[in-house]
Structure formats: structure tokens, C-alpha cells
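Below: the structure, in C-alpha cells.
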Amino acid sequence: MGTLANHAFSKMNGIGNEIVVVDLRDRPAAVTAEEARAVASPGGVPYDQLMVLQPPRLPGTEAFVSIYNNDGSEANACGNGMRCVARQVFEATGKAALTFETRAGLLSCWQGPAPGLYTVDMGPPKFGWRDIPLAEEFRDTRYIELQVGPIDAPVLHSPSVVSMGNPHAIFWVDDVNAHDLERFGPLLENHPIFPERANITLAHIAGRDRIVMRTWERGAGMTKACGSAACATAVAAARLKRADRVVDMVLPGGGLTIEWRERDDHVLMTGPAVFEYAGTFDPALFASVA
């Protein structure tokens with residue numbers, strides 16, 4: 001029947017990024033890829049990422065957070081999802097600051113500069129080709145050789161690549177809506193240059209403090225927002241000296257503020273986390289789960 005049958009959940013969103021939060025700290029158990037897919041199946045709870053809180057493994061942390069995409073694959077990081085998790089735990093505990101463990105490492109969260117906003121310290125970006133990772137060596141990952149379309153007239157080319165705990169490729173364009181990301185996204189996500197697949201972003205630098213973007217998420221497809229992609233894009237633009245270290249990011253679902261902090265290289269993401277409804281998983285969803 002599976003771990004999640006009859007278990008409570010919260011449906012939330014981070015600027016349109018559809019999030020389901022499940023707290024298993026009082027019932028430690030692993031969630032399988034099959035269960036994660038079942039949650040998003042017809043009759044279930046549609047989501048982009050499933051955030052599962054499990055008992056803390058390290059002192060001083062609230063939980064180990066496992067993150068699943070709607071195809072059942074695990075993600076190392078999800079900034080929008082972490083804001084949703086943070087809101088739920090803030091409201092339950094009344095604490096001023098929280099630390100969670102994820103596959104990407106420790107993430108600290110605190111109340112944002114205004115009511116309803118939450119900040120997540122996403123840690124430092126990584127630029128080495130092995131760290132992203134890429135399948136072959138590139139000494140300079142500010143741009144890599146990768147294109148879509150004819151050699152002499154590519155539609156997209158020369159993306160910047162960054163790891164924010166998960167791999168990102170950012171293509172710089174004049175208009176993020178002028179390209180068929182729904183078509184190119186899955187092809188680029190699964191390109192051989194990305195051995196762990198990649199999140200694919202189209203970004204337009206509208207000013208030194210404003211970037212417009214759309215993302216095809218690895219394992220989730222087109223989403224209204226991707227927090228780690230916003231972080232990666234802001235960092236990549238600053239690295240090219242085309243944007244400042246504090247940038248407003250404009251995504252289809254809303255806005256985020258990203259700061260690439262100079263003193264320690266950490267990337268801070270600030271934005272809302274919206275509670276939609278609470279429920280209990282229907283056991284019928286997991287009838288075929290071993």
C-alpha cells in the first residue's frame with residue numbers, strides 16, 4: 001500500500017511552483033519513486049516537487065528533506081519547495097530561524113524582510129565542470145559549446161552552466177517567449193553533455209537589477225517557477241558582469257529576489273510561500289504500489 005497512504009499533506013506553492021509537503025518525522029519511512037509518481041497521477045495531487053520531511057540526522061537541524069520530481073526522480077535542491085517547508089515549520093514552532101539537511105547540504109531559512117516572505121540560504125554555487133557535472137572538460141563554464149539548430153544559424157547557443165546543488169544551463173535571449181522551450185527543453189535536459197540531466201533556462205537581462213526567465217525543469221517539465229534556476233541565472237549573469245549581485249527575477253509565476261552574497265559566496269533567495277489546502281492521501285492512489 002505504501003508509506004503515504006492515509007497520510008496528511010499540505011498543498012502549497014512558491015510563485016506558482018506546485019509543491020506538496022509531507023511530514024514523516026513521526027513515522028520514519030522511505031518514499032519510493034513509484035509512490036512519488038502515484039501522488040501526481042490522475043486523481044492524486046498535482047505537483048512539480050514533493051517535499052518529504054524525515055527525522056533529522058544532524059544536531060541543530062529540523063529535518064532531512066527528501067525532494068522528488070513528479071516523474072519520481074529525486075532532486076538535490078528546490079528553493080521554492082524549501083520556502084514552503086520553512087513556512088510550515090515556522091508556523092508550527094514559532095522559531096526565528098531554521099536549518100534543514102538536504103542531499104545538497106545544509107540550508108538555512110529565516111523570515112523575510114516583509115510578512116509572507118521567506119529567505120533560504122541556498123549555499124555557494126559551483127562552476128567546475130566536474131561539479132556541475134558535465135560529460136567533458138570545459139575550462140570556462142561562463143559559456144560552453146552547445147547549440148540548438150543549424151551550425152551556421154543556431155536558434156539557441158552558448159549557455160552558461162552552474163550548479164546550485166543541481167545542474168543548470170542558461171541560454172541568454174532577447175525574448176524568453178520567442179523560443180519553443182516546451183520542444184527544446186526535454187532535448188537539452190537529456191543532452192549527453194549533462195550526465196545527470198539538467199534544468200534548462202531561457203533568460204533575458206532587462207537591466208543590471210532585473211532578469212526575466214523561463215525554465216524547463218529536470219524531471220518536472222515546464223513549471224511556473226524554479227527557485228534554484230533563478231539562483232543559477234542570477235549568479236551566471238553577475239559572473240558575466242552583466243548584472244549586479246542583488247537582482248529581481250521575473251518568472252511566469254511571480255518574482256524572487258536573489259542575492260549572491262560577496263562575503264561568503266552564498267546565494268540567498270527571498271520570496272513568498274502560499275498555503276493552498278491540507279488533505280489526506282487516498283489509499284487508492286497507492287493500490288498498485290508494492
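A Cβ is built for glycine as well, from the same backbone N, Cα and C atoms used for every other residue.
Per Swiss-Prot, the feature active site, proton donor maps to C78; the stated evidence is sequence analysis. Close to C78 (active site, proton donor) in the fold, though at least 6 residues off in sequence, lie N17, I19, Q49, M51, I67, G227, S228, each with a CB less than 8 Å from its CB. DSSP gives C78 (active site, proton donor) a coil state; it is part of no helix or strand.
The active site, proton acceptor feature in Swiss-Prot is assigned to C226; the stated evidence is sequence analysis. Counting every protein chain shown, the number of other Cβ atoms lying within 10 Å of the Cβ of C226 (active site, proton acceptor) is 35.
Around the Cβ of S228 (substrate binding site), 32 further Cβ atoms fall within 10 Å across all displayed protein chains. Sequence annotations record features per position, and here Swiss-Prot assigns substrate binding site to N17, Q49, N69, G79, N80, N166, N199, E217, R218, G227, S228 based on sequence analysis.
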Alpha-carbon distance [C226 (active site, proton acceptor); R218 (substrate binding site)] in Å: 10
Nearest recorded site to C226 (active site, proton acceptor) by CA-CA distance, among binding-site residues N69, N80, N199: N80
Nonlocal neighbours by CB distance (under 8 Å) for N80 (substrate binding site), same chain, sequence gap 6 or more: N13, G14, I15, N17, I19, Q49, A225, C226, G227, G271, A273
